[in-house]
Amino acid sequence: MTTTTRPTVLLVGYGMVGHRFLEALADAGAADRYRVVVLAEEPRHAYDRVALTSYFSGKTPEDLLLAEDGFAAKHGYEIHLSDPATAIDREARTVTTASGRSIAYDTLVLATGSYPFVPPVDGKDAEGCFVYRTIEDLHAIEAYAAGSRVGAVVGGGLLGLEAAGALKGLGLQTHVVEFAPRLMPVQVDEGGGEALRRTIEEMGVVVHTGIGTTAVTVSPEGAANGMTFTDGSSLDTDLVVFSAGVRPRDQLARDCGLKVGERGGIAVDENCRTSDENVFAIGECALAVDGRVYGLVAPGYEMAGAVAHQLADKAAKPFTGADLSTKLKLLGVDVASFGDAFGTTPGALDVVYSDSRSGIYKKLVVTPEGALLGGILVGDAEAYSSLRPLAGTGTPLPVPAESLVLPAGAGGPVSLGSSALPDEAVVCNCHNVTKGEVRAAVTEHSCGTVPEVKKCTKAGTGCGSCIKLLSTIVSDELEASGIEVDKGLCPCFGQTRAELYEIVRVKRISTHRRLLAEHGRLGGEGCEVCKPTVGSIIASLAPELEASGHVLDGEQAALQDTNDHFLANLQKNGSYSVVPRIPGGEITPEGLIVIGEVARDFGLYTKITGGQRIDLFGATVDQLPLIWTRLVEAGFESGHAYGKSLRTVKSCVGSTWCRYGVQDSVAMAIHLELRYRGLRSPHKLKSAVSGCARECAEARGKDFGIIATSNGWNLYVGGNGGATPRHADLLAQDLDDDQLIKLIDRFLMFYIRTADRLERTSAWLERIEGGLDHVRDVVVHDSLGIADELEALMANHVSDYQDEWAATLADPDRMRRFVSFVNAPGVEDPSIRFTPERGQVKPDLTLLATEADLLAALDPDNSLLLEVR
Amino acid sequence: MTTVATETAFAVATEAAATDRIEVLAEGAWAPVCDLERLAPGRGVAALLPDGRQAAVFRDHLDRIHAIANRDPFTGAYVLSRGLLGSTADGRVYVASPLLKQRFDLVTGECLDDESVRIVVHPTRLSPA
């Protein structure tokens, strides 16, 4: 095949729908039948615009990219970034671009999307006025907000509330102005709008409904400084975001004479073909055959699939209209609307539950026979993923509708299992995947996990709202086919770490041996996996179990990995490294001198760590107590560098010295490090505190990171550096000191309770059902009613803490282990030798090469030289 | 290196007194290690042998005393005495190296993760004080 014989498909617009078209074309096996050229206006590849706001809670633009690396190259797509189309010549079948390219096409696909509607008011173009559409818009808002105090959003719809959440998150006093009498007028009714408004106002966002904006007032310097409204009122504001809806971008089509709708949108038929048979239009720029322009991604995806199938000469499903169901989390409030939400079907009845105190509103629309037509859920949309697929199927609900909206304790709510769904029910709305297809992925394509099913079917890879339902279907299906998944910790235990934690806690089991005897699936010794894991669980719960809190006591001593056993870190030649705790990285000159003297006197290699402390390498087991005697005397304590426990809380210098700092980050870091030191956990824990948004302490790369704001502290969780870097997600913002500590207490204890062995918070957050939202519900909103218990566990840990090294030095029994040879105390291990490098020492590995080398080095005259005492 | 697994005699401490002395056989002679009570079940100690070699001595959950070479053949470091004990589904007791976690059968010296590797096993006994 040569390029000259392949017809050209030219895609104008590289947003989510454009990308989906490219994927669908490849999936249909037609990517190599065409030369595919893509013109993108933005400087980056297609990204997840639906998740745009997550940029403010830690996602980078790269995180939001839709295509995997090498996608374009793999399929031979030519993508031109920052080069939008400027004109179409339908006669010549060419498109001209901003950079002056002229590209000939055989088939043209328009996926130009939409633009934000800005009402034609005075001052709308002033400095400080923004729209909310692209990553570049968000960059600009973020930069401008840094010097602002008040922000206002014009538009109380879906995007408007997202923008309001973003402004709030940037620390602005936030207002929302909506022309309609309620918030989100398209998705929810009056009752839902009221519930939403109350919850959002409680968060400190001021909501103005039923008024229109008449002008943006402008300072003499040309910057926005206020707004005036139709009711004669006004508002002082530094920043205005217009988010009053979108309009189809149909100018290219208009200019070349394609048919467009009266109120905009490129008119297409049910095959998404425009008035020119060589031109298609898909997504938000298209006016569908039912006379609507769809501003949601799922219908856009359907159109993209339909066109790709036609180009692949495959049967394509005509696009005649789409479901407008949505589920969102706006400012932390769940809002869902699906099916016939407003009850417009003749004869429709509704069942409503409304609790204005807690901001919950649920309405289900049903037929007289009891079949579900649609509904609105505000404040608690848990049931969305199981209800939406049932809407419009015509099958009467298996339980009375009222039992589905009532709160717990009032005879409900009943949750519908996956068995209530018929096979043709659409589980994933974004990719139009039915329950039957998900089941087939498990039974026919042997997918055994949710990630495998996602990969196989694409279900759950759009907005993600169906993942919970997906996992229920997958596990139901696995169970039905008799496949058992071994989730056991190790060969000895069939339970997960979290399950063992609960068993230890509830049955108050304080030894590995008893746990293995009563709950293991193998008798015997246990193994190198379950011993330290159970040791860690027992150590975390020691006060509750009335067990010794010291990891070297009783059976505990036999469970610890060598690092914990010697309270130091084993290095490659059998020597250990020593890390004294330096809370928050703050150290006196005297402290530094002591560390320096100890290192010098014991000949240790010294290096500064990434966690703002000092690592001393090359100590033998005999030297460890001698080294620590001096360190403890000088006031140092164990840094727990050897344990699966809190390492350091790094800090920047904060408001005490830094001209940008807004809070005392050093004091907070020290406070946190002293509070959580010694806490045993499923994996190591790292933290940092930054004194301002410049983030010099790199808190968002930590398991829990704290960033100062002018109003208090923002708490981020689940960050990680290392091999799989992840920026931490915002858990809660503008906390005072007490609130911050309370939330960290709960977060850490919840993690310790539910994480797998060696699962860092980042992986845990990705794995745990419900993800960050669930963790926030539990930790911030106490949805499981365990917050008191988690706080009490932490309070016990704090009051029970003792320095492991001081306690070890004080106990002859614990000290006995620190000899190289049990039968020759005082004899140094001859295999541990060092050679010089860059003014310090490094391990001499040549002696370790063979046993003969070592013996020869010890005994040059070939006579026995060691006398055993 | 031989591939035939030979079992070596080991002491059993179930009936022994805490002050009984553990000894290992090396180069035809019994070398003293320590009193039984120094050795916690599931853990090991290192002993220096008269010829300058090192032994790792363990007490397992059935109170059996095992001795193997202390040198980890994968890294050359003398650290096996600091590994954790475990047992397989068929009841073989092993130590996992604290460095790279390879497992060595305490009775035969075989590496369970690489059958080409085998380390020395020493017979053990308990002598009354």
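Here the Cβ of each residue, glycine as well, is placed from N, Cα and C on the backbone.
In TrEMBL this protein carries:
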- A:9-291: domain 'FAD/NAD(P)-binding' (DOMAIN)
- A:325-388: domain 'NADH-rubredoxin oxidoreductase C-terminal' (DOMAIN)
- A:426-473: domain 'BFD-like [2Fe-2S]-binding' (DOMAIN)
- A:571-633: domain 'Nitrite/Sulfite reductase ferredoxin-like' (DOMAIN)
- A:643-779: domain 'Nitrite/sulphite reductase 4Fe-4S' (DOMAIN)
- A:C652, A:C658, A:C692, A:C696: [4Fe-4S] cluster binding site (BINDING)
- A:C696: siroheme binding site (BINDING)
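Overlay of TrEMBL feature records on the structure.
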residue: A:C652; record: [4Fe-4S] cluster binding site; Cβ neighbours (10 Å): 26
residue: A:C658; record: [4Fe-4S] cluster binding site; Cβ neighbours (10 Å): 15
residue: A:C692; record: [4Fe-4S] cluster binding site; Cβ neighbours (10 Å): 20
residue: A:C696; record: [4Fe-4S] cluster binding site; Cβ neighbours (10 Å): 18
Within the domain 'BFD-like [2Fe-2S]-binding' (A:426-473), residues counted as helix, strand or coil by DSSP: 24 helix, 5 strand, 19 coil
For the domain 'NADH-rubredoxin oxidoreductase C-terminal' (A:325-388), the number of residues DSSP places in helix, strand and coil: 5 helix, 34 strand, 25 coil
Per-residue pLDDT averaged over the domain 'Nitrite/sulphite reductase 4Fe-4S' (A:643-779), given as an integer: 93
Residues close to [4Fe-4S] cluster site centre defined by A:C652, A:C658, A:C692, A:C696, Cβ within 8 Å: A:V653, A:G654, A:Y660, A:G661, A:S665, A:S690, A:G691, A:R694, A:E695, A:A697
Counts of helix, strand and coil residues, the domain 'Nitrite/sulphite reductase 4Fe-4S' (A:643-779), according to DSSP: 52 helix, 35 strand, 50 coil
Three-state composition of the domain 'Nitrite/Sulfite reductase ferredoxin-like' (A:571-633), taking helix and strand from DSSP: 27 helix, 14 strand, 22 coil
